[in-house]
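Undergrad: Pulled these from TrEMBL:
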{"type": "TRANSMEM", "residues": "29-52", "note": "transmembrane segment"}
{"type": "DOMAIN", "residues": "44-293", "note": "domain 'G-protein coupled receptors family 1 profile'"}
{"type": "TRANSMEM", "residues": "64-90", "note": "transmembrane segment"}
{"type": "TRANSMEM", "residues": "102-123", "note": "transmembrane segment"}
{"type": "TRANSMEM", "residues": "143-165", "note": "transmembrane segment"}
{"type": "TRANSMEM", "residues": "203-226", "note": "transmembrane segment"}
{"type": "TRANSMEM", "residues": "238-263", "note": "transmembrane segment"}
{"type": "TRANSMEM", "residues": "278-295", "note": "transmembrane segment"}
Amino acid sequence: MQSFPWDNHSSVSEFILLGFSRDSQINTILFNIFLFLYLSTLVGNGLIVTLIHLDSRLHTPMYFFLSVLSILDMSYVTTTVPQMLVHLIFQKKTISYVGCVAQMYIFLVLGITEGWLFSVMAYDRYVAICYPLRYKVIMTPWLCGAMAIFCGLWGISCSLVYTVFTMRLPYCGPNEINHFFCEVPAVLKLACADTSLNDQADFILGFILLLVPLSFILASYVRIFATILKIRSAQGRLKAFSTCASHITVVTMFCGPAMFMYMNPGANASPERDKKLALFYNIISAFLNPIIYSLRNKDVKRAFLKLTGSSKASE
């Protein structure tokens, strides 16, 4: 049987996820709320992927990246929410050691990939607004695919470092994680060893994985806004800005809480605050993304009306 490098360091075979409350009535209410958010996230993001696939007018780099984002969001919430829903209605709230490691790793892969995808999407908007005549020449299908693969490979490799560095520590009890899933900061609090080195490593990794793509995004939008201000028509400026507003909103919702969580020293962390932050960038952000993009996007609305056979689609 294959063994993991951290197996010999831990006497804990499973963890208990404390979740949000021990009150069954509160848990029932939370179950209904999170079930609604989860199903709505799957339907909303699934609809966006379907529309982009079926409507040839949406076969552009911007919508390609949007479809990748929607797939990541559906996968992201599925990594944590179904288990959380089960734990809200059943007394048993355990997760095996290997299951915890797997959940942590997959969650990090998807989260890191999404963070870098935001920087790629910002570059796409930069080329579209600053070099509109060369947009199709620069943003070729090959380049778009290569950038999406780069984001995925970056997520896979960096998540492995994160996970191994966390689970190499000894976990000898207690085994109660004050969280609703196996997230790095919450698990580290149970380690039977000094975690100061991990805190420093998490800060450095957080800098690389969050601040670096945010710097790329900021640099792109500085150039974008400089170009928009040169547009003489007020309507033209508004149209150019509207193509960026959705992306800016989504980036803020996702990266802000994630940066606060992963770049904050472990000693200063609050379990209740961490759970709320995790809810925001894990569930709320994925739920709102389809709404933000569809409500502000005429192309997506047109594709939806065409799919449903509405007469307005022809207008």
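Each residue's number is its place along the chain shown, starting with 1.
Using the three backbone atoms N, Cα and C, a Cβ is placed for every residue, glycine included.
Automatic, uncurated: that is what TrEMBL annotation is.
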Undergrad: At a Cβ cut-off of 8 Å, and with pairs 6 or more apart in sequence only, do we get at least 3 pairs between the transmembrane segment (64-90) and the transmembrane segment (278-295), yes or no?
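TA: As far as Cβ distances go (cut-off 8 Å, pairs 6 or more apart), the transmembrane segment (64-90) and the transmembrane segment (278-295) touch.
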Undergrad: The transmembrane segment (29-52): which same-chain residues, six or more beyond its ends, come within Cβ distance under 8 Å?
TA: 20-21, 58-59, 63-64, 66-67, 70-71, 73-74, 77-78, 81-82, 84-85, 88-89, 283-284, 286-287, 289-291, 293-294, 300, 303-304, 307
Undergrad: With Cβ-Cβ distances below 8 Å as the criterion, list the same-chain residues six or more beyond the ends of the transmembrane segment (102-123) that contact it, or say none.
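TA: Distant Cβ neighbours of the transmembrane segment (102-123) are 62, 65-66, 68-69, 72-73, 75-76, 79-80, 83, 95, 147-148, 150-152, 154-156, 158-160, 162-163, 166-167, 181-184, 187, 209-210, 213-214, 216-217, 220-221, 247, 250-251, 254-255, 258, 281-282.
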Undergrad: Mean pLDDT for the domain 'G-protein coupled receptors family 1 profile' (44-293), rounded to an integer?
TA: 86
